Amino acid sequence: MSIDLQTVKKIASLSRISVTEAEAEAMVPELNNILGWVEQLGEVDVTGVEPMTAVIPNRQRLRDDVVTDGNVRDKVLANAPQAEHGFFAVPKVIE
Amino acid sequence: MTDLTDLTVADIRDGFRAGNFSAREVAEAFNSNVAAAKALNAFIVETPEKALDAADAADKAKAAGEPLGALAGVPIGMKDLFCTLGVQTTAASHMLEGFVPTYESTVSGKLWAAGAGMLGKLNLDQFAMGSSNETSYFGNVISPWRRGGGDNAALAPGGSSGGSSAAIAARLCPAATGTDTGGSIRQPAAFTGISGIKPTYGRCSRWGIVAFASSLDQAGPMARTVRDNAILLEVMSGFDPKDSTSLDLPVPQWEANLSSDLRGKKVGVPKEYRPDGLNAEIAALWDRGIEWLKDAGAEVVEVSLPHTQYALPTYYIIAPAEASSNLARYDGVRYGQRDLPDGAGLQDMYAATRAAGFGPEVKRRIMIGTYVLSAGFYDAYYTQAQKVRALIARDFELAFEKCDLLLTPTAPSASFALGEKQADPLAMYLNDVFTVPASLAGLPAMAVPGGLDAAGLPIGLQIIGKALDEQTVLNASLAIEERASFTARPDKWW
(Lines of atoms letter the chains of each structure in order from A; the text may use other names.)
(Lines give C-alpha, C1' and ligand atoms only; values in the text may rest on other atoms or scores of the structure.)
Protein backbone atom coordinates (compact mmCIF):
# COMPACT_ATOMS: atom_id res chain seq x y z
CA MET A 1 0.00 0.00 0.00
CA SER A 2 1.35 3.42 -0.73
CA ILE A 3 0.77 6.55 1.26
CA ASP A 4 -0.30 9.94 -0.07
CA LEU A 5 0.11 13.53 1.06
CA GLN A 6 -2.98 13.37 3.28
CA THR A 7 -1.64 10.28 5.05
CA VAL A 8 1.72 11.93 5.63
CA LYS A 9 -0.02 14.91 7.20
CA LYS A 10 -2.08 12.59 9.38
CA ILE A 11 1.01 10.69 10.55
CA ALA A 12 2.75 13.98 11.30
CA SER A 13 -0.25 15.09 13.32
CA LEU A 14 -0.36 11.78 15.24
CA SER A 15 3.39 12.19 15.84
CA ARG A 16 2.85 15.76 17.10
CA ILE A 17 5.34 17.13 14.60
CA SER A 18 4.28 20.17 12.62
CA VAL A 19 5.29 19.98 8.96
CA THR A 20 5.06 22.53 6.18
CA GLU A 21 3.38 21.67 2.91
CA ALA A 22 6.77 21.36 1.22
CA GLU A 23 8.14 19.10 3.98
CA ALA A 24 5.11 16.85 3.80
CA GLU A 25 5.42 16.60 0.01
CA ALA A 26 9.10 15.67 0.29
CA MET A 27 8.25 12.95 2.80
CA VAL A 28 5.75 11.17 0.54
CA PRO A 29 8.33 9.42 -1.69
CA GLU A 30 10.78 8.97 1.22
CA LEU A 31 8.29 7.19 3.44
CA ASN A 32 6.90 5.20 0.51
CA ASN A 33 10.39 3.97 -0.34
CA ILE A 34 11.00 2.77 3.20
CA LEU A 35 7.54 1.28 3.68
CA GLY A 36 7.68 -0.41 0.26
CA TRP A 37 10.95 -2.01 1.29
CA VAL A 38 9.76 -3.27 4.69
CA GLU A 39 6.64 -4.74 3.10
CA GLN A 40 8.71 -7.72 1.91
CA LEU A 41 8.15 -9.10 5.42
CA GLY A 42 4.62 -9.96 4.30
CA GLU A 43 6.02 -12.87 2.26
CA VAL A 44 7.41 -14.67 5.34
CA ASP A 45 5.32 -17.61 6.54
CA VAL A 46 4.72 -16.94 10.23
CA THR A 47 2.05 -19.56 10.80
CA GLY A 48 2.10 -20.60 14.44
CA VAL A 49 4.86 -18.15 15.38
CA GLU A 50 4.34 -16.09 18.52
CA PRO A 51 5.40 -12.43 18.28
CA MET A 52 8.69 -11.92 20.12
CA THR A 53 8.53 -9.42 22.96
CA ALA A 54 11.62 -10.35 25.01
CA VAL A 55 14.85 -11.50 23.39
CA ILE A 56 16.52 -12.93 26.48
CA PRO A 57 14.32 -14.91 28.87
CA ASN A 58 13.86 -12.88 32.02
CA ARG A 59 11.25 -12.70 34.71
CA GLN A 60 9.29 -9.69 35.83
CA ARG A 61 10.38 -8.84 39.34
CA LEU A 62 8.23 -7.44 42.10
CA ARG A 63 9.69 -5.27 44.79
CA ASP A 64 8.38 -4.50 48.23
CA ASP A 65 5.61 -1.92 48.11
CA VAL A 66 7.53 0.79 49.91
CA VAL A 67 8.62 4.29 48.99
CA THR A 68 12.17 4.19 47.56
CA ASP A 69 12.32 7.54 45.86
CA GLY A 70 10.85 11.00 46.03
CA ASN A 71 11.25 14.38 47.68
CA VAL A 72 13.28 15.59 44.72
CA ARG A 73 10.85 18.16 43.33
CA ASP A 74 13.48 20.73 42.57
CA LYS A 75 15.62 18.19 40.74
CA VAL A 76 12.63 17.09 38.69
CA LEU A 77 11.88 20.69 37.74
CA ALA A 78 15.49 21.71 37.20
CA ASN A 79 15.41 21.26 33.42
CA ALA A 80 11.85 22.39 32.78
CA PRO A 81 11.51 25.07 30.09
CA GLN A 82 9.03 26.80 32.41
CA ALA A 83 8.48 25.92 36.07
CA GLU A 84 6.30 28.03 38.36
CA HIS A 85 5.38 27.62 42.03
CA GLY A 86 6.79 24.09 42.06
CA PHE A 87 4.90 22.96 38.96
CA PHE A 88 5.54 22.47 35.24
CA ALA A 89 3.85 25.34 33.43
CA VAL A 90 2.13 24.96 30.04
CA PRO A 91 -0.07 27.23 27.91
CA LYS A 92 -3.62 27.56 29.15
CA VAL A 93 -5.65 24.45 28.22
CA ILE A 94 -9.01 25.37 29.80
CA GLU A 95 -10.79 28.62 28.98
CA MET B 1 59.79 8.51 26.67
CA THR B 2 56.63 6.59 25.75
CA ASP B 3 53.75 8.71 24.57
CA LEU B 4 51.18 7.97 27.28
CA THR B 5 48.35 8.37 24.77
CA ASP B 6 49.63 5.35 22.82
CA LEU B 7 49.05 3.09 25.82
CA THR B 8 46.13 0.71 26.15
CA VAL B 9 43.77 0.72 29.13
CA ALA B 10 45.61 -2.31 30.57
CA ASP B 11 48.99 -0.55 30.09
CA ILE B 12 47.74 2.59 31.82
CA ARG B 13 46.16 0.67 34.68
CA ASP B 14 49.25 -1.46 35.27
CA GLY B 15 51.79 1.33 34.65
CA PHE B 16 50.00 3.61 37.08
CA ARG B 17 49.96 0.90 39.74
CA ALA B 18 53.65 0.16 39.15
CA GLY B 19 54.47 3.83 39.60
CA ASN B 20 55.81 4.31 36.06
CA PHE B 21 53.74 7.47 35.72
CA SER B 22 51.10 9.33 37.68
CA ALA B 23 47.41 9.35 36.84
CA ARG B 24 47.66 13.12 36.47
CA GLU B 25 50.33 12.77 33.75
CA VAL B 26 48.03 10.42 31.84
CA ALA B 27 45.01 12.70 32.16
CA GLU B 28 47.03 15.74 31.08
CA ALA B 29 48.37 13.91 28.02
CA PHE B 30 44.88 12.91 26.86
CA ASN B 31 43.40 16.32 27.71
CA SER B 32 45.99 17.90 25.50
CA ASN B 33 45.24 15.52 22.59
CA VAL B 34 41.53 16.27 22.98
CA ALA B 35 42.14 20.02 22.97
CA ALA B 36 44.24 19.75 19.80
CA ALA B 37 41.71 17.68 17.83
CA LYS B 38 38.83 20.11 17.32
CA ALA B 39 38.92 19.35 13.58
CA LEU B 40 37.53 15.86 14.25
CA ASN B 41 34.52 17.26 16.15
CA ALA B 42 34.49 14.09 18.24
CA PHE B 43 33.40 15.80 21.47
CA ILE B 44 30.27 17.82 22.15
CA VAL B 45 31.48 18.82 25.61
CA GLU B 46 35.07 18.53 26.88
CA THR B 47 35.56 17.98 30.61
CA PRO B 48 39.33 18.18 31.21
CA GLU B 49 38.73 19.14 34.86
CA LYS B 50 36.74 15.92 35.45
CA ALA B 51 39.61 13.87 34.05
CA LEU B 52 42.08 15.70 36.30
CA ASP B 53 39.88 15.37 39.39
CA ALA B 54 39.61 11.60 38.93
CA ALA B 55 43.36 11.38 38.27
CA ASP B 56 44.20 13.36 41.40
CA ALA B 57 41.89 11.12 43.44
CA ALA B 58 43.66 8.06 42.02
CA ASP B 59 47.12 9.49 42.74
CA LYS B 60 46.08 10.38 46.28
CA ALA B 61 44.58 6.95 46.93
CA LYS B 62 47.73 5.30 45.64
CA ALA B 63 50.00 7.48 47.78
CA ALA B 64 47.88 6.67 50.85
CA GLY B 65 48.03 2.96 50.09
CA GLU B 66 44.25 2.77 49.75
CA PRO B 67 42.61 0.13 47.53
CA LEU B 68 42.41 1.20 43.87
CA GLY B 69 39.40 0.75 41.57
CA ALA B 70 39.65 -1.42 38.46
CA LEU B 71 40.02 1.69 36.29
CA ALA B 72 41.98 3.93 38.64
CA GLY B 73 44.13 6.28 36.62
CA VAL B 74 42.32 5.59 33.32
CA PRO B 75 40.58 8.51 31.57
CA ILE B 76 37.80 7.61 29.10
CA GLY B 77 35.31 9.23 26.74
CA MET B 78 31.57 9.03 27.42
CA LYS B 79 29.08 8.83 24.55
CA ASP B 80 26.69 11.75 24.91
CA LEU B 81 23.76 9.36 25.23
CA PHE B 82 24.61 8.57 28.87
CA CYS B 83 23.17 10.98 31.42
CA THR B 84 25.99 12.49 33.45
CA LEU B 85 25.29 14.37 36.66
CA GLY B 86 25.86 18.07 36.16
CA VAL B 87 27.25 17.72 32.62
CA GLN B 88 25.12 18.53 29.57
CA THR B 89 23.63 15.44 27.90
CA THR B 90 22.15 16.02 24.45
CA ALA B 91 21.94 12.75 22.47
CA ALA B 92 23.42 15.07 19.79
CA SER B 93 20.01 16.73 19.43
CA HIS B 94 18.82 20.31 19.52
CA MET B 95 15.90 18.98 21.59
CA LEU B 96 18.15 18.29 24.56
CA GLU B 97 20.59 21.15 24.07
CA GLY B 98 21.23 22.61 27.52
CA PHE B 99 19.81 19.58 29.35
CA VAL B 100 21.91 19.02 32.48
CA PRO B 101 20.93 15.78 34.23
CA THR B 102 20.41 15.80 37.98
CA TYR B 103 21.37 12.12 38.10
CA GLU B 104 24.02 9.75 36.73
CA SER B 105 23.33 6.77 34.44
CA THR B 106 24.04 3.41 36.05
CA VAL B 107 26.77 2.47 33.56
CA SER B 108 28.65 5.77 33.73
CA GLY B 109 28.29 5.73 37.54
CA LYS B 110 29.93 2.29 37.67
CA LEU B 111 32.84 3.53 35.56
CA TRP B 112 33.44 6.57 37.77
CA ALA B 113 33.13 4.41 40.89
CA ALA B 114 35.89 2.18 39.45
CA GLY B 115 38.15 5.21 39.25
CA ALA B 116 37.81 6.18 35.58
CA GLY B 117 37.87 9.89 34.74
CA MET B 118 35.77 11.62 32.10
CA LEU B 119 37.53 13.40 29.22
CA GLY B 120 34.25 14.60 27.76
CA LYS B 121 30.94 13.77 26.12
CA LEU B 122 31.33 12.22 22.68
CA ASN B 123 29.40 13.19 19.58
CA LEU B 124 27.03 10.69 17.93
CA ASP B 125 24.22 10.42 15.45
CA GLN B 126 21.18 12.27 16.75
CA PHE B 127 19.35 10.04 19.27
CA ALA B 128 21.74 7.30 18.04
CA MET B 129 19.88 7.14 14.72
CA GLY B 130 22.42 6.83 11.93
CA SER B 131 25.38 4.90 10.58
CA SER B 132 27.73 7.74 9.60
CA ASN B 133 27.50 10.36 12.34
CA GLU B 134 25.94 12.80 9.87
CA THR B 135 22.71 13.36 11.81
CA SER B 136 24.24 15.09 14.85
CA TYR B 137 22.88 18.57 15.55
CA PHE B 138 26.42 19.49 16.57
CA GLY B 139 27.97 18.66 13.20
CA ASN B 140 29.59 15.64 11.59
CA VAL B 141 32.37 13.75 13.31
CA ILE B 142 35.27 13.41 10.88
CA SER B 143 37.14 10.11 10.85
CA PRO B 144 40.86 10.46 11.57
CA TRP B 145 41.40 8.00 8.70
CA ARG B 146 41.94 9.14 5.13
CA ARG B 147 42.24 7.17 1.94
CA GLY B 148 45.79 6.83 0.67
CA GLY B 149 47.21 8.60 -2.33
CA GLY B 150 46.52 12.16 -1.28
CA ASP B 151 42.72 11.75 -1.24
CA ASN B 152 41.69 14.12 1.53
CA ALA B 153 37.94 13.44 1.39
CA ALA B 154 36.41 13.60 4.87
CA LEU B 155 35.35 10.08 5.79
CA ALA B 156 32.60 8.76 8.07
CA PRO B 157 33.73 7.39 11.45
CA GLY B 158 30.63 5.16 11.40
CA GLY B 159 27.65 5.55 13.63
CA SER B 160 26.00 6.02 15.81
CA SER B 161 29.00 5.83 18.20
CA GLY B 162 31.15 7.81 15.75
CA GLY B 163 32.59 10.25 18.27
CA SER B 164 33.71 7.28 20.35
CA SER B 165 35.33 5.46 17.41
CA ALA B 166 37.05 8.56 16.02
CA ALA B 167 38.37 9.61 19.43
CA ILE B 168 39.85 6.19 20.18
CA ALA B 169 41.44 5.79 16.74
CA ALA B 170 42.94 9.29 17.04
CA ARG B 171 44.33 8.61 20.53
CA LEU B 172 42.10 11.20 22.19
CA CYS B 173 41.05 8.54 24.69
CA PRO B 174 42.17 4.96 25.32
CA ALA B 175 38.59 3.71 25.53
CA ALA B 176 35.03 4.99 25.44
CA THR B 177 31.47 3.91 25.98
CA GLY B 178 29.19 3.15 23.09
CA THR B 179 25.65 1.99 22.68
CA ASP B 180 24.44 -0.48 20.09
CA THR B 181 20.86 -0.76 18.85
CA GLY B 182 21.51 -2.26 15.41
CA GLY B 183 25.29 -2.01 15.08
CA SER B 184 26.17 1.35 16.61
CA ILE B 185 29.23 -0.01 18.46
CA ARG B 186 30.40 -2.57 15.92
CA GLN B 187 30.13 -0.68 12.62
CA PRO B 188 32.00 2.45 13.83
CA ALA B 189 34.65 0.19 15.41
CA ALA B 190 35.12 -1.52 12.04
CA PHE B 191 35.32 1.82 10.19
CA THR B 192 38.10 3.11 12.45
CA GLY B 193 40.21 0.00 13.08
CA ILE B 194 39.32 -0.51 16.74
CA SER B 195 37.37 -3.14 18.73
CA GLY B 196 34.01 -2.95 20.43
CA ILE B 197 31.58 -5.37 22.00
CA LYS B 198 27.83 -5.32 22.35
CA PRO B 199 27.11 -7.69 25.23
CA THR B 200 24.03 -9.86 25.65
CA TYR B 201 20.87 -7.77 25.96
CA GLY B 202 20.38 -7.09 29.67
CA ARG B 203 24.06 -7.27 30.74
CA CYS B 204 24.42 -3.49 31.02
CA SER B 205 21.73 -1.41 32.65
CA ARG B 206 19.86 0.94 30.33
CA TRP B 207 18.96 3.23 33.23
CA GLY B 208 19.99 6.78 32.47
CA ILE B 209 20.79 6.13 28.81
CA VAL B 210 18.67 8.24 26.45
CA ALA B 211 16.31 5.62 25.01
CA PHE B 212 16.07 4.86 21.28
CA ALA B 213 14.60 1.34 20.87
CA SER B 214 14.33 -0.26 24.29
CA SER B 215 14.16 -3.93 23.25
CA LEU B 216 17.42 -3.49 21.30
CA ASP B 217 19.48 -0.79 23.07
CA GLN B 218 22.56 -2.12 24.84
CA ALA B 219 25.64 -0.32 26.13
CA GLY B 220 29.14 -1.64 25.60
CA PRO B 221 32.78 -0.59 25.53
CA MET B 222 34.99 0.43 22.62
CA ALA B 223 38.79 0.35 22.77
CA ARG B 224 41.86 -0.61 20.77
CA THR B 225 42.29 -4.13 22.17
CA VAL B 226 40.13 -7.06 23.11
CA ARG B 227 41.61 -7.10 26.62
CA ASP B 228 40.65 -3.45 27.15
CA ASN B 229 37.09 -4.24 26.11
CA ALA B 230 36.99 -7.09 28.63
CA ILE B 231 38.26 -4.77 31.38
CA LEU B 232 35.62 -2.12 30.70
CA LEU B 233 32.77 -4.54 30.13
CA GLU B 234 33.35 -6.11 33.54
CA VAL B 235 32.93 -2.70 35.15
CA MET B 236 29.92 -1.69 33.03
CA SER B 237 27.92 -4.91 33.48
CA GLY B 238 25.79 -6.06 36.37
CA PHE B 239 22.27 -6.23 37.73
CA ASP B 240 20.38 -3.00 38.22
CA PRO B 241 16.94 -3.04 39.84
CA LYS B 242 16.21 0.27 38.11
CA ASP B 243 16.12 -1.43 34.67
CA SER B 244 13.34 -4.03 34.43
CA THR B 245 15.19 -5.83 31.61
CA SER B 246 18.49 -6.00 33.52
CA LEU B 247 19.73 -9.58 33.98
CA ASP B 248 20.15 -10.63 37.60
CA LEU B 249 23.35 -12.60 37.03
CA PRO B 250 26.88 -12.38 38.39
CA VAL B 251 29.43 -10.64 36.15
CA PRO B 252 32.01 -13.16 34.86
CA GLN B 253 35.73 -12.46 35.11
CA TRP B 254 36.15 -11.95 31.40
CA GLU B 255 39.63 -10.48 31.52
CA ALA B 256 41.11 -13.17 33.77
CA ASN B 257 39.64 -15.88 31.56
CA LEU B 258 40.85 -14.50 28.22
CA SER B 259 42.40 -17.23 26.10
CA SER B 260 43.00 -17.38 22.37
CA ASP B 261 43.21 -21.18 22.45
CA LEU B 262 40.09 -22.23 20.54
CA ARG B 263 40.69 -25.98 20.52
CA GLY B 264 37.37 -27.78 20.90
CA LYS B 265 35.37 -24.77 19.65
CA LYS B 266 33.28 -24.89 16.50
CA VAL B 267 32.99 -21.75 14.41
CA GLY B 268 29.93 -21.37 12.22
CA VAL B 269 30.17 -19.47 8.94
CA PRO B 270 26.68 -18.42 7.88
CA LYS B 271 26.28 -18.80 4.14
CA GLU B 272 23.60 -16.11 3.89
CA TYR B 273 26.19 -13.48 4.90
CA ARG B 274 28.00 -14.04 1.61
CA PRO B 275 25.53 -12.59 -0.90
CA ASP B 276 26.36 -12.18 -4.58
CA GLY B 277 28.20 -8.94 -4.95
CA LEU B 278 29.81 -8.97 -1.52
CA ASN B 279 32.79 -6.59 -1.60
CA ALA B 280 35.78 -8.71 -2.72
CA GLU B 281 38.14 -7.31 -0.08
CA ILE B 282 35.61 -7.95 2.69
CA ALA B 283 35.12 -11.50 1.38
CA ALA B 284 38.89 -12.07 1.27
CA LEU B 285 39.29 -10.80 4.84
CA TRP B 286 36.51 -13.13 5.95
CA ASP B 287 38.40 -16.06 4.40
CA ARG B 288 41.55 -14.99 6.22
CA GLY B 289 39.54 -14.84 9.45
CA ILE B 290 38.40 -18.42 8.91
CA GLU B 291 42.04 -19.49 8.54
CA TRP B 292 43.04 -17.54 11.66
CA LEU B 293 40.40 -19.28 13.77
CA LYS B 294 41.44 -22.68 12.38
CA ASP B 295 45.02 -21.81 13.28
CA ALA B 296 43.80 -21.08 16.83
CA GLY B 297 42.48 -24.62 17.01
CA ALA B 298 38.84 -24.15 16.09
CA GLU B 299 36.88 -26.33 13.72
CA VAL B 300 34.94 -24.42 11.03
CA VAL B 301 31.48 -25.48 9.85
CA GLU B 302 29.04 -23.89 7.43
CA VAL B 303 25.70 -22.93 8.96
CA SER B 304 22.50 -21.41 7.64
CA LEU B 305 20.51 -18.47 9.01
CA PRO B 306 17.68 -18.60 6.48
CA HIS B 307 15.83 -15.45 7.61
CA THR B 308 18.88 -13.18 7.39
CA GLN B 309 17.50 -11.19 4.44
CA TYR B 310 14.50 -10.16 6.55
CA ALA B 311 16.53 -8.83 9.48
CA LEU B 312 16.91 -5.27 8.18
CA PRO B 313 13.24 -4.71 7.26
CA THR B 314 12.27 -6.24 10.63
CA TYR B 315 14.63 -3.86 12.39
CA TYR B 316 13.32 -0.87 10.46
CA ILE B 317 9.82 -1.59 11.73
CA ILE B 318 10.63 -2.49 15.33
CA ALA B 319 13.25 0.20 16.02
CA PRO B 320 11.17 3.13 14.66
CA ALA B 321 8.06 1.79 16.42
CA GLU B 322 9.86 1.77 19.76
CA ALA B 323 11.49 5.12 18.99
CA SER B 324 8.16 6.77 18.22
CA SER B 325 6.95 5.66 21.63
CA ASN B 326 10.17 6.52 23.52
CA LEU B 327 10.56 9.93 21.93
CA ALA B 328 6.98 10.92 22.79
CA ARG B 329 8.48 12.17 26.06
CA TYR B 330 9.98 15.22 24.31
CA ASP B 331 7.00 17.48 24.68
CA GLY B 332 8.52 20.81 25.67
CA VAL B 333 7.09 20.52 29.16
CA ARG B 334 9.44 18.64 31.46
CA TYR B 335 12.90 19.09 29.95
CA GLY B 336 14.56 20.05 26.70
CA GLN B 337 13.59 22.69 24.21
CA ARG B 338 10.21 24.39 24.02
CA ASP B 339 8.93 26.24 20.98
CA LEU B 340 5.85 28.27 21.85
CA PRO B 341 4.55 30.28 18.88
CA ASP B 342 2.50 33.37 19.71
CA GLY B 343 -0.97 32.44 20.84
CA ALA B 344 -0.23 28.71 20.59
CA GLY B 345 -2.16 26.20 22.64
CA LEU B 346 -0.75 23.05 24.20
CA GLN B 347 -1.10 20.85 21.11
CA ASP B 348 0.48 23.52 18.90
CA MET B 349 3.33 23.80 21.38
CA TYR B 350 3.99 20.04 21.24
CA ALA B 351 4.03 20.06 17.43
CA ALA B 352 6.18 23.19 17.14
CA THR B 353 8.62 21.98 19.79
CA ARG B 354 9.09 18.62 18.10
CA ALA B 355 9.38 20.18 14.64
CA ALA B 356 12.17 22.47 15.87
CA GLY B 357 13.88 20.01 18.22
CA PHE B 358 14.24 16.89 16.04
CA GLY B 359 16.43 16.51 12.96
CA PRO B 360 15.14 15.02 9.67
CA GLU B 361 16.22 11.41 10.30
CA VAL B 362 14.68 11.43 13.78
CA LYS B 363 11.40 12.80 12.39
CA ARG B 364 11.46 10.20 9.61
CA ARG B 365 11.83 7.36 12.10
CA ILE B 366 9.20 8.70 14.51
CA MET B 367 6.76 8.98 11.62
CA ILE B 368 7.52 5.49 10.27
CA GLY B 369 7.06 4.17 13.80
CA THR B 370 3.82 6.05 14.28
CA TYR B 371 2.51 4.70 10.98
CA VAL B 372 3.36 1.03 11.66
CA LEU B 373 1.74 1.25 15.10
CA SER B 374 -1.38 3.08 13.90
CA ALA B 375 -4.84 1.55 13.87
CA GLY B 376 -5.34 -0.71 10.86
CA PHE B 377 -1.63 -1.22 10.17
CA TYR B 378 -0.40 -2.56 13.52
CA ASP B 379 -0.80 -6.25 12.70
CA ALA B 380 0.41 -6.02 9.10
CA TYR B 381 3.63 -4.27 10.10
CA TYR B 382 4.45 -4.41 13.78
CA THR B 383 3.05 -7.81 14.79
CA GLN B 384 4.43 -9.34 11.59
CA ALA B 385 7.86 -7.89 12.37
CA GLN B 386 7.75 -9.28 15.91
CA LYS B 387 6.97 -12.72 14.48
CA VAL B 388 9.79 -12.54 11.94
CA ARG B 389 12.06 -11.42 14.78
CA ALA B 390 11.17 -14.66 16.57
CA LEU B 391 12.18 -16.60 13.44
CA ILE B 392 15.48 -14.73 13.20
CA ALA B 393 16.23 -15.55 16.85
CA ARG B 394 15.31 -19.19 16.18
CA ASP B 395 17.73 -19.29 13.22
CA PHE B 396 20.53 -18.46 15.66
CA GLU B 397 19.34 -21.05 18.19
CA LEU B 398 19.39 -23.75 15.53
CA ALA B 399 22.79 -22.65 14.24
CA PHE B 400 24.20 -22.77 17.77
CA GLU B 401 23.24 -26.45 17.98
CA LYS B 402 26.05 -26.99 15.46
CA CYS B 403 28.62 -24.45 16.60
CA ASP B 404 29.77 -22.28 19.51
CA LEU B 405 30.21 -18.96 17.74
CA LEU B 406 29.76 -17.32 14.35
CA LEU B 407 32.29 -15.45 12.22
CA THR B 408 31.06 -12.80 9.77
CA PRO B 409 32.20 -9.47 8.36
CA THR B 410 31.22 -6.45 10.48
CA ALA B 411 30.20 -4.05 7.70
CA PRO B 412 29.69 -4.52 3.95
CA SER B 413 32.42 -2.00 3.09
CA ALA B 414 35.14 0.18 4.54
CA SER B 415 34.28 3.74 5.56
CA PHE B 416 32.70 5.98 2.93
CA ALA B 417 32.97 9.72 2.34
CA LEU B 418 30.68 12.02 4.29
CA GLY B 419 27.74 12.97 2.11
CA GLU B 420 28.11 9.92 -0.12
CA LYS B 421 25.09 8.05 1.24
CA GLN B 422 23.19 10.96 2.75
CA ALA B 423 20.66 11.35 -0.05
CA ASP B 424 19.18 7.88 0.23
CA PRO B 425 18.09 6.73 3.71
CA LEU B 426 17.70 3.15 2.47
CA ALA B 427 21.30 2.94 1.18
CA MET B 428 22.44 4.10 4.62
CA TYR B 429 20.30 1.50 6.40
CA LEU B 430 22.01 -1.29 4.41
CA ASN B 431 25.27 -0.59 6.27
CA ASP B 432 23.87 -2.52 9.21
CA VAL B 433 23.12 -5.68 7.25
CA PHE B 434 25.63 -7.84 9.16
CA THR B 435 25.14 -6.31 12.62
CA VAL B 436 21.34 -6.05 12.91
CA PRO B 437 20.52 -9.79 13.10
CA ALA B 438 22.49 -10.31 16.36
CA SER B 439 20.81 -7.20 17.79
CA LEU B 440 17.36 -8.57 17.01
CA ALA B 441 18.30 -11.80 18.79
CA GLY B 442 19.91 -10.00 21.76
CA LEU B 443 23.19 -11.88 21.28
CA PRO B 444 26.69 -10.73 22.25
CA ALA B 445 28.72 -9.62 19.23
CA MET B 446 32.12 -8.04 18.82
CA ALA B 447 33.91 -6.17 16.06
CA VAL B 448 37.66 -6.64 15.73
CA PRO B 449 39.93 -5.11 13.08
CA GLY B 450 41.29 -7.50 10.45
CA GLY B 451 43.34 -5.39 8.08
CA LEU B 452 43.34 -2.55 5.60
CA ASP B 453 41.66 -2.44 2.20
CA ALA B 454 43.39 -1.30 -0.99
CA ALA B 455 42.62 2.34 -0.16
CA GLY B 456 44.35 1.96 3.21
CA LEU B 457 41.16 1.93 5.28
CA PRO B 458 40.39 -0.50 8.11
CA ILE B 459 38.02 -3.41 7.57
CA GLY B 460 36.88 -5.74 10.29
CA LEU B 461 35.38 -9.02 11.35
CA GLN B 462 32.49 -9.79 13.67
CA ILE B 463 32.17 -12.61 16.19
CA ILE B 464 28.63 -13.45 17.34
CA GLY B 465 28.18 -15.69 20.38
CA LYS B 466 25.49 -17.53 22.28
CA ALA B 467 23.47 -15.52 24.78
CA LEU B 468 25.56 -14.80 27.90
CA ASP B 469 28.71 -16.29 26.33
CA GLU B 470 30.71 -13.08 26.03
CA GLN B 471 33.79 -15.10 27.05
CA THR B 472 33.85 -17.12 23.83
CA VAL B 473 33.20 -13.94 21.82
CA LEU B 474 36.13 -12.19 23.50
CA ASN B 475 38.39 -15.24 23.17
CA ALA B 476 37.74 -15.71 19.46
CA SER B 477 38.22 -11.98 18.92
CA LEU B 478 41.53 -12.23 20.77
CA ALA B 479 42.59 -15.10 18.49
CA ILE B 480 41.89 -12.87 15.48
CA GLU B 481 43.60 -9.88 17.08
CA GLU B 482 46.77 -11.89 17.70
CA ARG B 483 46.89 -13.15 14.13
CA ALA B 484 45.76 -10.03 12.28
CA SER B 485 48.50 -8.03 14.06
CA PHE B 486 46.60 -4.87 13.21
CA THR B 487 48.94 -2.00 14.13
CA ALA B 488 47.90 0.52 11.48
CA ARG B 489 46.85 3.96 12.73
CA PRO B 490 45.73 7.10 11.00
CA ASP B 491 48.42 9.64 10.11
CA LYS B 492 47.85 12.77 12.15
CA TRP B 493 46.45 15.59 9.96
CA TRP B 494 44.14 17.27 12.50
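Every residue gets a Cβ built from N, Cα and C, even glycine.
What TrEMBL says about this protein:
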type	residues	note
ACT_SITE	B:Lys79	active site, charge relay system
ACT_SITE	B:Ser160	active site, charge relay system
ACT_SITE	B:Ser184	active site, acyl-ester intermediate
DOMAIN	B:26-474	domain 'Amidase'
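Locations of recorded TrEMBL features on the structure.
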residue	record	DSSP (3 states)
B:Lys79	active site, charge relay system	strand
B:Ser160	active site, charge relay system	coil
B:Ser184	active site, acyl-ester intermediate	coil
B:Ser160 (active site, charge relay system) and B:Ser184 (active site, acyl-ester intermediate), distance between Cα atoms, whole Å: 5
Those active-site residues listed as B:Lys79, B:Ser184, and which of them has the most Cβ atoms within 10 Å of its own Cβ: B:Ser184
Distance from B:Ser160 (active site, charge relay system) back to B:Lys79 (active site, charge relay system), taken between C-alpha atoms, in Å: 10
Cβ neighbour count (within 10 Å, all chains shown) around B:Ser160 (active site, charge relay system): 35
The domain 'Amidase' (B:26-474) [mean pLDDT, rounded to integer]: 97
